[in-house]
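Asks: Reproduced below are the annotations present in Swiss-Prot:
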type: BINDING; residues: 74, 95, 123, 124; note: S-adenosyl-L-methionine binding site
């Protein structure tokens, strides 16, 4: 009897066993966690803060809301949401990577943000919450690292409350050819060098560049969100499409 072929997926440009991807992504983020915030500022020239500000402005978050900041890493979005939901609300910073959670927890504690934030290690494909739990779910620069994106989107849909929204902030496809070529040169030449100099890890930043190119484009992700059940799904290109902010609702 022949064995069932092993399912494969991509890890950057490499083809790997589906069951191996999560641990390989974990190794990347264990490696970069300590320098993650510094590298974000360097890589984006600080523009990531504007992208996140736009995400917060699109969130509709109010006092008393329950928010899941999925793949929340070092907690930039969680910090702001904690202030917006107030004492009667709750923010959960969720991440599959323990090193990223540790850095995020320490950073937010140092900012004095305690009381309405919980930290949970979780897999986006099987979120450990009851149905209809959250008013808002955000996933910023995390979806491209998920092995089964469709499964993760269905899991997010399940735990959103009716009327709740999902915001996906992610690298995407530049709108113009000239920008795309310049972005490719930067990503594949300068980014790994920066990673080597600052984080002593060029390979992780090579993976970062490759994972961005393998991520679904704007319209494909919009369709994936609709297929998962989301309605009124739209996206907004930021910085010429280098990043896109997708939004969908559950009714």
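Cβ coordinates are placed from backbone N, Cα and C, and glycine is handled just like the others.
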Asks: Can you tell which of the binding-site residues (74, 123) has the fewest other C-beta atoms within 10 angstroms of its C-beta?
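Replies: Output over binding-site residues 74, 123: least Cβ neighbours within 10 Å is 123.
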Asks: Rounded to a whole angstrom, what is the largest C-alpha distance between any two of the residues 74, 95, 123, 124 that the record assigns to S-adenosyl-L-methionine?
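Replies: In whole numbers, the farthest two Cα atoms are 17 Å apart.
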Asks: By a simple count, how many Cβ atoms lie within 10 Å of the Cβ of residue 95 (S-adenosyl-L-methionine binding site), its own Cβ left out?
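Replies: For residue 95 (S-adenosyl-L-methionine binding site), the 10 Å Cβ neighbour count is 27.
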Asks: I want to check the contact list for residue 124 (S-adenosyl-L-methionine binding site): same chain, sequence separation of six or more, C-beta distance under 8 angstroms. What comes out?
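Replies: Residue 124 (S-adenosyl-L-methionine binding site) has long-range Cβ partners 70, 71, 94, 96, 139, 142, 143, 146, 152, 155, 156.
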